[in-house]
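Listed in TrEMBL for this protein:
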| type | residues | note |
| --- | --- | --- |
| TRANSMEM | 25-47 | transmembrane segment |
| TRANSMEM | 54-75 | transmembrane segment |
| TRANSMEM | 81-100 | transmembrane segment |
| TRANSMEM | 112-136 | transmembrane segment |
| TRANSMEM | 142-161 | transmembrane segment |
Amino acid sequence: MSFIWLIASFCYYLILTLTNTFEDVYITALVSSFSEIAAYLLSGIFYERVGVKLSLILSFAISAFGGILILAWGLDHQESTLFFIFFLFTKFGVTCAFNINFAANSYLFPTLFAATAIGVCNFAARFITSFSFIVSRMAEPAPMYLLTALCMLTTISAFFLK
């Protein structure tokens, strides 16, 4: 679970930083916020209806699929509406996974260790997340390749949750 938490946090802040690479930052931030609000609302429904394991798998699969669409469509088309929709799709999945991590903490860890587990996981995740800004400033396809690969790896590793 701590690995999933690390990757969800890293990808969340990486995609948040990549929002600033669009030309019209204010419109991008506004629409991106709506995508994030929808993800927060729907992640609770995912978690309640299908459980922790499947909701994390779905969330990271959505992000990986969005990343693959972005890479397939090409980073040269950043001005197109379709590229922006793919970006929001990716951000939606990452935000769902980020929120589910906090919601699932009490389910995955015994009550006695839940507070310690959230503290340790959050501390490690924030440390790893500090490198997301550096990664976002790398040459253009590298951050998306890393985000997509991490989401695909975490989709697979989520199968091993209880």
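Indices start at 1 and increase along the chain as displayed.
Cβ coordinates come from backbone N, Cα and C, glycine included.
Simply put, out of 25-47, 81-100, 112-136, 142-161, 81-100 has the most Cβ pairs sitting under 8 Å from the transmembrane segment (54-75). Here the transmembrane segment (81-100) has long-range neighbours at 4, 8-9, 11-12, 15-16, 18-19, 22, 28, 31-32, 35-36, 38-40, 42-44, 46-47, 52, 55-56, 58-67, 69-70, 73, 147, 151, 154, meaning same-chain residues at least 6 beyond its ends whose C-beta is under 8 angstroms from one of its own.
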